[in-house]
Structures are given as structure tokens and as C-alpha cells.
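Peer 1: Input: one structure, supplied below.
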Amino acid sequence: MLNKPVLVESLTVLIMVLSVHAVVWDRYSWCALALAIQAFYVQFKWDRLLQLGGAVFQFRTAANSGLLPASMVTPLLGIVMKERCKSAGIVYFERFGIVVASTGMLVALFLSVIAVGITKPVPTNTCILTGIAGSIIIYTMKHSLTVSEVIEVLEVLLIFVYLSMILLYLLPRCFTPGEALLVLGGISFVLNQLIKRSLNVIEGRGDPIDFFLLVAVVGVILLGLFFTVLFIFMDSGTWISSMFFHMMTAVLGLGVIMPWLYRLIQRNPLFWLLQFLFQTQTRVYLLVYWTFLAASACGVVFYQNAKRSSESKKHQASTITRKYFHFIVVATYVPGLIYDRQLLYVAAVLCLAVFIFLEYIRYFRIKPFGQTLRHLLSLFLDERDSGPLILTHIYLLLGMSLPVWLFPRSCAPKGTLSGAGALVPYSGVLAVGVGDTIASVFGSTMGEIKWPGTKKTVEGTMTAIFAQIIAVALILIFDTSVNLNSSYAWILASVSLVSLLEAYTTQIDNLLLPLYLQIMFMA
């Protein structure tokens, strides 16, 4: 049986799915509903496999499979993107939204088939549901996608299969099945898009900052895979290995990643980046301000470690201490969203690449900073960092950045969407920076009434909703480009549902909540 938290989590997700399709009902809505119903039942199988240790790979413990909430993110994102671009008359991105939705459905269905296939005895009823959902999805894809789009969807699925086998084997206990679906599915889609655009670079279609994102993400992932294979055969903690690590990073960066980016943007990447960063005086002020905040964040890390006495080696940072970084991230993103979103877009990509590179140094114990990073970051570990990688700070950055990166700029007249869609770039700030932070702080200090079956409190959820509504009011005051067009009831409902999901989900909320809030705002 599913426990109460999983039931409430599933019910919340189903309400959001129905709410979105009440606004944008079409043929893909039947596919999404069929996928949601079968994913709900397949959760039983994944949870049972995780409890009995029968899953093929080692997944993160102390969490349910999270299959339903993860399965619906990409299909819903593609559907609302399709509708927005259809309204704007941008056919290319309308078709792109259809491909995104179809890819998300097929990859989620594949993960469900895996769970059903390895469950013993074979669950007949779940097999029938999965078959019906698969038939509906494939029939709709057959009558909606062109041959080239079908090939593109199958390419992403193939990349996902191979990437899952490699990374889930190399990184045990880092993901739940749902988190693996979101993270590895996203990487697979980005890699396929980069290959596709590299082959069609003559068309000259695309913004340089989009190419920068694609190359940076794929580059750091390939870098990690290369060193993982390399350090199987040699000790990564020696000075010789560390020198080889830094040398090969420079070689791969300057010899592969930079020429790849040059081919896409047709100019020197370093000159383009420097010109972009220092193009206006506003950008210089923002960069100086962000440098100060980065130094402040480092100061918090050093200060908290200095407080850790030698007698309390097992001491961990409190929830409130970890939320300091949420406040710093909010202070970082809000000025960027108001004054220069393109600069924020590129700065977030650079920051992601730096975070992942530093995690490589910590994980492989690369001298001279590897052991120091291990010691400094161990203070901030929680139950979600049960695998060899520390990913919570990377998830925080992704949760704040994904609404900025996934904002359909080409389908937004004058750079903003109408109604609640104007708040899409702020989804990460609202859901994670404000909502999750306030819920944790107030819930852990003043909360007394707990939601059934969880450690989260009703007071924390209520204050989170109230804080996000205040934040929306402040955004209206300071960002003149935001015009909500009386869509206040929809905003309140969206914020409330996402806050309820935060109270009941055991998945990485930093990653999941901003995506659902973005979907609700875009609908």
C-alpha cells in the first residue's frame, strides 16, 4: 500500500495536471492523463523494489520512487510551451514543444516498463494499464510528429538508456528513480539538441547564450565521464594524478569545448564572453554585487566550519544555517531578473559549470583543494546526500536557474508573457528562495501542527504561501515589465498547490518545485 504522504503527493500532482489541461485541453491531454494514471500505479512497484532491494541499481534511500511527479514535469512543460508559442504564432517552437512533450512521455513510459518488467510476480493489472497508456501515447505521436521528429524523440530515448546505465552504476544512491528521470532525461535532451544544432549550424538559427548553455552542460558532463573512467586505472589522490587532471581539463576545454562553441556562435568564445559580460555599466555593477555575495557565501562556509569544535566532529549545520544560502541566492537572482536577464542567464551557466567542476575536485580528491572541500562541505550534508556526490547546492542553483533558461523568449512579445506567465522567470525565486526557505525556518522554529505522515508543519506551509504572495506584490512594485492581468486567483492556487507538494514530497524539492510552479504560471 502507498502511505499517506505518497497519496497526498500524488493527489496534488494530479490536481495540477488536471488544472493545466482544463486550460489547454487537446489531444495530448489524453496522453498526459493516461501517463499520470499508469505512473501512479507503477509507483507501487518501484517503491516495493526499493524496499526489497530488487531494483537494478542502488537508488537513494529514505525516499519514495517519486515516479509520478517526475514523469509529469517534461510532458506538461512541453504542452504549455506549445500552447504559448502557438498563441504567439511561432511555428518552430510550437513544434519544439510537441517534441519536448512526446520525449518526456516516452522516457517516463520506458522507466515504468522497466519497473513492471523486473517486478516478480508480473503485475498483470499494472501491465495492462501501462500497455493502454503506451498505446495512447504512441498512437498520438504517430499522428502528430513528422518522421524527423520521431527520430529525434527516439534519439533522446537511446541516449537516456545508455546514460542511465553508465551514471546510475557509477553514482549509487545519488538519485531516486524520479530524480534520475528528471536529471538524466534533461541531460539526454540537452546532448541531443547540441548534436542536432552542431550538424545544422549553417542555418544560423539560435541565440549564442543558448549555445553557451548547451556546450557548457555537455562539456562538464563529458569531462566528468572522462575522468571517472581514467581514475579507475590510477589513484586520483596523488600529485601526479592531480597535475594530469588540471592539464587534461585545460586540453579538453581549449581543444574540444572552445572549438565546439566557436563552430556554433561563429566567433571567438572568450572574446564574445568578455564583451557580453562587460557590455554595459549595469552589467559591471551586477557582477561586482554578485562577487560580493559569492564572497559572503564563502564566508558563511568558513565561519560555520570554524565554529565546529574538535569534540563535535559529527556536528551538522542546522536547517536555518543551510537556508542562509537560499537568502543569498534570492539576493543574487532578483536584481538580475529585474535589470538584466540575459546576463543572469549566462552567469548562472558559468556558476553551474564551476559548481560541477568543484564537485569533481572534491569527489576525486584532486590536490591541492580536494580534501579541503571535503572537510568544508561535510558540515552541510543532509539525508539527501547519501551517495558519493554532494548535489544539494547544485540542485539549488538548477532550481533557481531552470525557469530563466527554459523561459520561451522567442514566444514572448517584448520579453515577457501575459498574465501569470510574466512570473515564470521568478518561479525559482518564489518556490525555493522564498517558499521553501520560509516554510523550513518557520516550520522548524514555531511549527506545532504536523501534516499527517510527515515532519513538515501546517504553520510552515501557510507562512510559505503568505510569503510568496507578498513576494509577488513586491515583484509587481519593482519590476515594471510584469503585468498579471487580474490572474491573481490562478497565482494563489498555483502557489498553494506547489507549497502543499513541498510539504509532502520526499524528492529534491529544490529541483521539483520551481518546475511545477513554472508549468502552472505558463498555463
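Here the Cβ of each residue, glycine as well, is placed from N, Cα and C on the backbone.
This is the feature table in TrEMBL:
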TRANSMEM  12-41  transmembrane segment
TRANSMEM  92-116  transmembrane segment
TRANSMEM  122-141  transmembrane segment
TRANSMEM  153-171  transmembrane segment
TRANSMEM  244-262  transmembrane segment
TRANSMEM  282-303  transmembrane segment
TRANSMEM  324-339  transmembrane segment
TRANSMEM  345-365  transmembrane segment
TRANSMEM  386-406  transmembrane segment
TRANSMEM  426-446  transmembrane segment
TRANSMEM  458-478  transmembrane segment
TRANSMEM  490-517  transmembrane segment
Peer 1: Give the one range among 12-41, 324-339, 386-406, 490-517 whose Cβ atoms make the most pairs under 8 Å with those of the transmembrane segment (345-365).
Peer 2: 386-406
Peer 1: Same chain only, please: residues at least 6 beyond the ends of the transmembrane segment (386-406) with a C-beta under 8 Å from a C-beta of the stretch. Say none if there are none.
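Peer 2: Result: 60-62, 77, 171-175, 213, 325-326, 329, 333, 337, 341, 344-345, 348-349, 351-352, 355-356, 359, 362-363, 377, 380, 424-429, 431-433, 508, 510-511, 513-515, 517-518.
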Peer 1: Are there at least 3 C-beta pairs under 8 angstroms linking the transmembrane segment (490-517) and the transmembrane segment (12-41), leaving out pairs fewer than 6 apart in sequence?
Peer 2: yes
Peer 1: Which listed range (92-116, 153-171, 324-339, 426-446, 490-517) shows the maximal number of Cβ pairs under 8 Å with respect to the transmembrane segment (282-303)?
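Peer 2: Counting Cβ pairs under 8 Å, the winner is 324-339.
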Peer 1: Any chance you could find the range in 92-116, 122-141, 324-339, 426-446 with the most Cβ pairs under 8 Å to the transmembrane segment (153-171)?
Peer 2: 92-116
Peer 1: Take a look at 92-116, 122-141, 324-339 and tell me which one has the most Cβ pairs under 8 Å to the transmembrane segment (426-446).
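Peer 2: When the Cβ pairs under 8 Å are tallied, 324-339 comes out ahead.
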Peer 1: Using a Cβ-Cβ cut-off of under 8 Å, list the residues of the same chain that are 6+ residues beyond the ends of the transmembrane segment (324-339) and lie near it.
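Peer 2: Counting only partners 6 or more residues beyond its ends, the transmembrane segment (324-339) has Cβ contacts under 8 Å with 282, 286, 289-290, 293, 296-297, 300, 347, 393, 396-397, 400, 404, 425-426, 428-429, 432-434, 436-437, 478-479.
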